[in-house]
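Accompanying notes for the structure given below.
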């Protein structure tokens, strides 16, 4: 696989070609994903739940993300590697820059932050200092205590309109990717069409430019439960490499997610 850059993803959007992405946390699985030409990997703070056994992502630290970012980069030298900024690691623009630098030095090509228009100055400061940003909207797991649980976001018109405005504001501030989690497919379509940058979805229908899954869900090995929007590709193939290849194929052909794996 040749080195993947943000320009490749922009070209995918411009040409109407969908792309698949996944979380990854170690060198072995990163190598597996690279062998199947997975263009984008995310070292997610979801590691707090799937690796550390926590109830949520809040205990994850910058040091945790940096450690796993180094591991994933070792296994996949050519992917576009995103790294999550953990809870309270970007409370101010200055703090965000300091912590993002740690993750970029660990091998990330981009950092992902959760939140809306209140992050405009943070995104501006990061991008002005050569740190690419993915803006995460919708169900933002670090806000689980504000939401009162893991709930679909953007169902009512006011909330939906605000999310569209936030996506555009963050794009205009310099964000190069928007990630939507657990939002109605109709809202994901609005945002994808409104944004010039690539939009990645999880639990947001198949109208986005790209899709992402937590790898443990893709392989059906999550300890607690399988989200409605996820699919066990390993059960269909019996082989991890074939599972990744099938996931990638179904995303690229817009077969996944289908109606059974879409939030109305």
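Every residue number used here counts from 1 along the chain in the order it is shown.
Just so it is clear, glycine is given a Cβ too, placed from its N, Cα and C backbone atoms.
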Same 3-methyl-2-oxobutanoate site per Swiss-Prot - residue from 26, 64, 84 joining 45, 46, 112: 84
Same chain, 6+ residues apart, C-beta under 8 Å of the C-beta of residue 114 (Mg(2+) binding site), given in sequence order: 85, 136, 140, 141, 142, 143
3-methyl-2-oxobutanoate site, defined by 45, 46, 84, 112: further same-chain residues with Cβ within 8 Å of the Cβ centre: 23, 42, 43, 44, 47, 57, 60, 65, 83, 85, 86, 141
For the recorded positions 45, 181, the one whose C-beta sees the most other C-beta atoms within 10 angstroms: 45
Other CB atoms, at most 10 A from the CB of residue 46 (3-methyl-2-oxobutanoate binding site): 22
Between residue 84 (3-methyl-2-oxobutanoate binding site) and residue 181 (active site, proton acceptor), the C-alpha gap once rounded to whole angstrom: 14
